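Asker: Sharing the features that Swiss-Prot gives for it:
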DOMAIN    21-96  domain 'Peptidase A2'
ACT_SITE  ASP26  active site
DOMAIN    111-156  domain 'G-patch'
Amino acid sequence: WASQVSENRPVCKAIIQGKQFEGLVDTGADVSIIALNQWPKNWPKQKAVTGLVGIGTASEVYQSTEILHCLGPDNQESTVQPMITSIPLNLWGRDLLQQWGAEITMPAPSYSPTSQKIMTKMGYIPGKGLGKNEDGIKIPVEAKINQEREGIGNPC
């Protein structure tokens with residue numbers, strides 16, 4: 001999963017205990033939060049012992065009583081014990097994002113936006129190497145001029 005920063009919010013889907021949820025990727029949130037109106041009624045929850053800061057005033061704050069199995073947007077295995085409160089959309093916090101291997105990368109300014117789009121369409125993920133297992137060279141190979149005119153491509 002990759003998302004360019006744009007006017008659209010970065011949202012992705014996760015499957016928690018077999019149920020699909022969509023949430024906002026929030027690197028500023030320590031913990032993941034599920035909207036109270038999306039929390040299944042038969043899933044146990046308890047009053048949270050700590051409040052939530054940064055989302056306004058939430059009168060009812062709960063936490064899952066269980067640690068739940070979660071599959072990330074690219075089927076990354078993870079676990080979460082989310083907070084639950086009245087918010088308009090779910091938030092995927094760093095508790096999940098770290099397990100999913102999320103990265104924030106800023107492309108090298110030497111590459112044009114067009115070349116970055118071409119690479120992204122070809123399946124390149126910033127910060128990952130090229131190749132089947134994304135384990136290839138992670139930085140571009142720089143072309144160097146061979147002043148001695150020796151080596152492949154130069155007459156002896």
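Cβ coordinates are placed from backbone N, Cα and C, and glycine is handled just like the others.
Note that the coordinates shown come from a computational prediction; the quantities given were computed from them, not determined experimentally.
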Asker: Report the DSSP secondary-structure composition of the domain 'Peptidase A2' (21-96) as helix, strand and coil residue counts.
Answerer: 6 helix, 29 strand, 41 coil
Asker: With every protein chain in view, how many other Cβ atoms are within 10 Å of the Cβ of ASP26 (active site)?
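Answerer: A 10 Å sphere around the Cβ of ASP26 (active site) contains 22 other Cβ atoms.
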